[in-house]
Structure formats: C-alpha cells, structure tokens
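Feature list (source: TrEMBL):
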DOMAIN    A:45-237  domain 'FAD/NAD(P)-binding'
BINDING   A:Ala54, A:Glu75, A:Leu83, A:Val119, A:Trp415, A:Gly422, A:Val423, A:Ile424  FAD binding site
BINDING   A:Gln190, A:Gly191, A:Asn192, A:Val193, A:Arg245, A:Arg246, A:Glu257, A:Gly422  NADP(+) binding site
Amino acid sequence: MSTHKGVLWKIRMLNIFLTSTRRVRITRLHGARGLGTSPAASCPKVCIVGGGPAGFYTAQHLVKTRPDVQVDIYERLPVPFGLVRFGVAPDHPEVKNVMNTFTQTAQHARCSFHGNVSVGKDVTVQELQEAYHAVVLSYGAEGNRTLGVPGEDLAGVHSAKDFVGWYNGLPTNRDLRPDLRCETAVILGQGNVALDVARILLSPVDILKVRDLSLLRPCNNTDITQPALDTLAESSVRRVLIVGRRGPLQLACTIKELREMVNLPGTRPEMEASDFECIAKMLKVLPRPRKRLTELLLKVAVETPEETELERRNSAKRAWGFRFFRSPVEILPSDDLTRAAGIRLAVNRLEGEGEDVWAVTTGEVEDVECGLVISSIGYKSLPIDPAVPFDPRKHIIPNTMGRVQKCAGLYCSGWVKRGPTGVIATTMNDSFDTARTLLHDMDEGTLDISTVKPGSAGVTTILEKRGVKPVLFSDWEKIDSEESKRGEARGKPREKLLDVGEMLKVAWT
Amino acid sequence: MAQLCVPSSLTGKGACEGTLACSTCHVILDQKVYDQLGPITDEENDLLDLAYGLSDTSRLGCQVCLSRDLEGITVCVPDGVNDMRSSEDTGPKL
C-alpha cells in the first residue's frame with residue numbers, strides 16, 4: 001500500500017440483485033473528518049464570480065461542508081459552465097459529464113445561479129463585498145497571450161481561444177468566419193488545446209457528425225455548431241503542423257490527446273526524424289507519464305510501421321506532424337498584403353538541463369507556406385475591477401492559498417488564481433483548496449460572519465436600478481431545453497444558441 | 001466500482017461518470033487484489049498517468065468490475081491534493 005496520504009475504505013457486498021446492479025456498503029476505516037461547524041449568528045453568505053468549473057466546484061465544496069452557508073454564483077453570460085461548454089472539444093462529450101454535478105450544485109437549496117450579470121460593469125466587486133461575507137473570484141481567463149510578431153493581425157491568423165470559441169458557439173466568436181480554403185494550417189503551441197484544434201481541422205466531418213462510427217445512430221452526433229460543421233465540411237485543409245519552440249521531451253500535450261491524433265482516421269503522421277536524435281536513450285530515466293508519451297511519439301515519428309499501418313498511411317489524404325525547435329518570427333503576407341500566406345520560423349537549439357531547458361535561436365530561419373495560423377500559446381486572465389489586485393506579469397490575482405493578498409474577504413479559485421493550465425480535475429482540486437481556506441477563515445474568525453449581510457437581495461436591488469435582469473438557473477433550463485430540442489431535429493445532443501439576445505429571449509419566455 | 005453508493009465525503013470522485021475522461025476515481029489496491037484484476041488498457045493507463053500519487057498498484061475505480069471474489073477488499077483513495085504549487089505565491093512559470 002502506498003505511503004502517501006489517502007483514506008482506506010473497506011468494501012462489503014450487501015446484495016446482488018437480479019439485475020446487474022450491485023449495492024455495496026463502504027465504511028471508512030480511519031481518518032474520518034467531521035462535518036460539524038459552530039453555529040453562526042447569521043447565515044454566512046458567499047458570492048462567487050464566474051460560473052465555470054472553478055465557480056461550481058468552489059460552491060459545491062462550500063455548501064456540502066457547512067450546513068448554513070448560502071452561495072450565489074454570478075456569471076456574465078446567460079448560460080453557465082464556462083469552458084466545459086465553450087472549451088472542451090465537441091468530440092469529447094464524456095468530459096462534459098461534470099455539468100451534471102454542477103447542475104446538482106446549482107439546484108441545491110443553498111445555492112443560486114445568476115447569469116447575465118457582468119461583475120465589474122453591472123455591479124462592482126466592492127458592492128459585492130458589501131452584500132456578502134466573502135467574495136470568491138473564479139472568472140477564469142478570457143484573453144490570450146499574443147505572439148508579438150509582425151503579421152499577427154493579418155486575415156487568416158486566429159488565437160486558439162477564438163477558434164475553439166467559434167466551433168463551440170461562444171457568442172463573441174460567432175462571426176469569426178475562419179477561411180479554411182488553404183492546404184496547410186500551422187498551429188503554434190503543442191498543448192492539449194493545440195491538439196484539439198488539429199483534430200477538429202482534420203477529423204473526417206462524418207466523425208464530428210457521428211461520434212461513434214460503430215453505432216452510426218443519428219443521436220451520436222456532436223454539439224459542434226452547425227455553422228462550424230458546414231465550414232469544416234468545405235475545408236481544403238489537408239496538412240496541419242503543430243509547432244513548438246523546444247524539443248520532443250518538452251511536448252506539452254498529454255498522451256490521451258496524442259493517441260487520438262495517431263488514431264485519427266484518414267490521416268497520417270509526418271515528422272522530422274532528425275528532431276528525435278538522442279531521445280530514445282533518455283527513456284529509461286523519464287518518469288512514467290513522460291516516458292509513455294515519449295515512447296508513443298517515437299513509435300509514430302521514427303519507427304517503421306508494420307504493413308497494415310503502412311497501407312493505411314499511404315492511403316490517407318490528410319497529414320499532421322509536430323515541428324520542434326521552431327519559434328515564429330513573422331507571419332508572411334500574401335501578395336496583396338491582406339492575408340497570411342506563410343510563416344517565418346526561427347530554428348532553435350536547447351540550453352539547460354533536465355526539467356529546466358529553454359530555447360535559444362541559432363540564427364537560422366525557415367519559411368513555411370500556409371494559409372491559416374492558429375496561435376495556441378496560452379489563455380490569459382484579465383483584471384476585472386480596480387478593487388481587485390492583479391499581477392500584470394503573471395496575469396493572475398496575487399494570492400496565498402486562495403486568499404487574495406491584502407484584501408480581507410476576497411478569495412480566488414481556478415485559472416485566475418493559478419494560471420491557465422491544467423485539466424478540469426486540476427481546477428476541481430484547486431477550487432476545493434480555496435473553499436477549505438475560506439471555511440477555515442470562517443471557523444477561526446479571521447473572516448467575520450457575525451454581521452447580517454443582504455446577499456443576493458442586496459445585489460438584485462442594485463441590478464434593478466441599473467436595468468440588469470439576471471438569468472436564473474430555471475431560466476437557463478429553458479435555454480437548455482430549447483437547444484436540446486433544436487439538436488434533436490439534427491440528431492445532435494444540442495444545437496447551441498449563438499447569440500446572447502436569443503438566449504435572453506428564450507430564458508425569459 | 002463506478003456503481004458504488006458513494007458517501008458525500010468522497011466529493012469530486014468520478015467526475016466524468018465512469019467514461020474514461022478523468023482520473024478522479026484513482027484507487028490504490030493491495031498487490032494481491034491488483035494481480036487478480038484483468039489487464040489495463042492503453043486508454044486507462046493514459047489517464048492514470050495524470051493521477052496524483054500514482055503507484056504500481058493503481059487502477060481507475062471505474063474500470064474495476066466488482067465481483068464476489070473481491071468481497072471485503074480494502075482500497076486506498078488518495079486525497080486529490082494539487083501537487084503543482086506550494087502554498088506561497090502561485091502562478092504560471094514565465
């Protein structure tokens with residue numbers, strides 16, 4: 001048994017029913033944690049800014065741990081769930097199952113959701129602090145890091161954030177209209193978002209339409225927006241290069257996503273064997289996740305495939321590959337100077353050792369012809385309100401264990417706290433950490449919960465004066481129902497509404 | 001193990017509802033129990049790679065079929081601690 005912290009559970013079968021369901025009883029062996037709290041003079045009220053995973057997981061932990069706390073979640077859009085709705089790729093519907101947990105949280109007696117409220121504009125953070133005992137900032141990262149190279153503003157250049165927002169129906173990106181009438185697309189960055197973009201660009205449209213080919217039932221279609229599906233069906237993109245400034249051992253994506261690319265029907269991998277010199281001999285010293293990732297990469301990039309795979313590759317009409325040791329220096333314009341026609345890449349070498357290696361330019365450059373450049377080098381949080389400190393270098397809210405520095409009563413969770421990396425489970429753990437910090441402060445008296453605060457009643461008064469009407473969770477359920485209904489007509493799980501005005505109309509019928 | 005009646009203190013486990021899209025149901029088993037179970041697929045191993053506190057006898061709970069033979073086993077559910085940052089200033093490496 002491992003020596004690290006964990007809880008032991010004994011599993012006893014209670015019954016085996018005639019159906020295949022088995023009921024088990026679990027008893028905790030030791031390490032039980034009590035749920036009791038000291039009674040408060042008034043009901044503690046917490047406000048959460050941001051209705052994505054961080055907001056919902058923070059809320060979940062708070063309401064489950066203290067039987068008296070009321071949690072209100074404020075979200076700028078009329079619809080909840082943040083990047084689970086707008087970031088997770090449409091061909092990863094299982095990842096979106098977390099929405100069921102979030103729905104349970106929103107429907108909890110001591111939790112409420114208020115959409116269509118823009119904190120910093122419709123209501124200030126200071127006003128929230130007056131209405132609540134604590135405010136948790138969980139509003140994520142709506143910006144993106146820029147390349148800072150000439151040509152970045154040419155047509156045909158998009159941030160991955162915008163491209164992903166476009167195929168996932170984010171209202172701000174509805175009119176992106178990416179031009180896919182080119183043969184080669186270059187993606188800058190090699191994280192999971194870059195691989196999502198590559199996969200969506202190269203997936204046979206039938207897969208985006210029918211998720212599980214072995215079933216071929218209409219109900220298995222994805223929730224990719226119809227305009228995106230139509231555009232992808234007409235796409236000329238046949239080759240996608242996924243570019244990183246460092247080497248194969250610094251590849252930022254995870255193995256699940258790499259394996260999906262390797263197995264993508266109708267595609268073949270094309271990589272430079274020279275990028276992989278000296279990699280094989282490093283394998284034995286690598287930790288397991290990096291080792292397995294590198295083994296798969298080597299197998300795909302360097303090893304001679306066996307016959308069926310060779311045949312499959314030869315008949316594939318689309319290609320993808322990683323390009324390592326390359327940094328963008330300029331996006332090259334077309335003859336009429338209106339759009340991207342290529343990209344100039346600096347050739348790098350690595351300096352440093354072990355975990356700490358960085359790219360240094362060699363002076364050499366290389367031009368690659370392409371008509372689409374997607375920059376996937378990171379999302380970025382933005383400051384929300386002058387009352388909230390913000391680190392302009394790291395682009396996060398300065399904090400210690402979720403407590404905003406020098407601001408009593410202010411907390412943060414998720415990407416705005418730690419930076420925009422990690423999977424949903426990372427954010428979940430982080431949100432639970434912030435909730436624990438907040439609860440600790442309540443228990444210790446560091447956070448004063450003895451005064452009576454108006455909570456959402458106070459905020460509603462302010463919003464009414466300003467002509468802002470919140471979308472409640474039951475209103476979202478009408479949007480949800482309408483999207484599902486529209487999706488059914490097309491054999492999709494939902495057809496997302498793409499316009500805030502339309503969302504509000506449906507919400508308030 | 002995905003059909004366990006999970007008490008509320010196991011919050012956060014099974015986030016993807018047993019569809020091999022997360023690693024929150026990570027459990028650590030006794031060597032004997034581990035050896036009894038079927039082989040691990042690449043897909044399960046890919047997700048185990050992301051689990052906190054991965055051990056040589058780790059499995060994803062949602063992939064383990066409970067049977068009479070497993071009556072009375074003890075499993076260790078690792079605390080899902082975020083090991084990426086210390087308690088001091090947090091933020092991305094620049």
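Backbone N, Cα and C atoms are what each Cβ position is placed from, and that goes for glycine too.
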Cross-chain proximity of binding-site residues to B (CB under 8 Å), evaluated over A:Glu75, A:Gln190, A:Ile424: A:Ile424
Neighbour tally for A:Gly191 (NADP(+) binding site), based on other Cβ positions within 10 Å of its Cβ: 19
Separation of alpha carbons, A:Arg245 (NADP(+) binding site) and A:Glu75 (FAD binding site) (Å): 36
Largest tally of Cβ atoms lying within 10 Å of a Cβ, found at which of the binding-site residues A:Glu75, A:Glu257: A:Glu75
Among A:Ala54, A:Val119, A:Gly422, A:Val423, which are recorded as binding-site residues, the nearest neighbour of A:Arg245 (NADP(+) binding site) by Cα: A:Gly422
Secondary structure at A:Trp415 (FAD binding site), reduced by DSSP to three states: helix
C-beta crowding around A:Val423 (FAD binding site), within 10 angstroms: 19
Rounded distance in angstrom between the Cα atoms of A:Val119 (FAD binding site) and A:Glu257 (NADP(+) binding site): 35
Number of other Cβ atoms within 10 Å of the Cβ of A:Arg245 (NADP(+) binding site) across all protein chains: 22
Span of A:Ala54, A:Glu75, A:Leu83, A:Val119, A:Trp415, A:Gly422, A:Val423, A:Ile424 around FAD - largest C-alpha separation, Å: 25
Conformational class of A:Ala54 (FAD binding site) under the three-state DSSP mapping: helix
Largest separation between Cα atoms (Å) of residues that the record links to NADP(+), namely A:Gln190, A:Gly191, A:Asn192, A:Val193, A:Arg245, A:Arg246, A:Glu257, A:Gly422: 20
Cβ atoms near A:Trp415 (FAD binding site) (within 10 Å, other residues, all chains): 30
Candidates A:Ala54, A:Val193, A:Ile424: member of the binding-site residues with the richest Cβ shell (10 Å): A:Ala54
Cα proximity to A:Asn192 (NADP(+) binding site), best match among binding-site residues A:Ala54, A:Trp415, A:Gly422, A:Ile424: A:Gly422
Count of other CB atoms lying within 10 Å of the CB belonging to A:Val119 (FAD binding site): 23
Three-class DSSP secondary structure - A:Ile424 (FAD binding site): helix
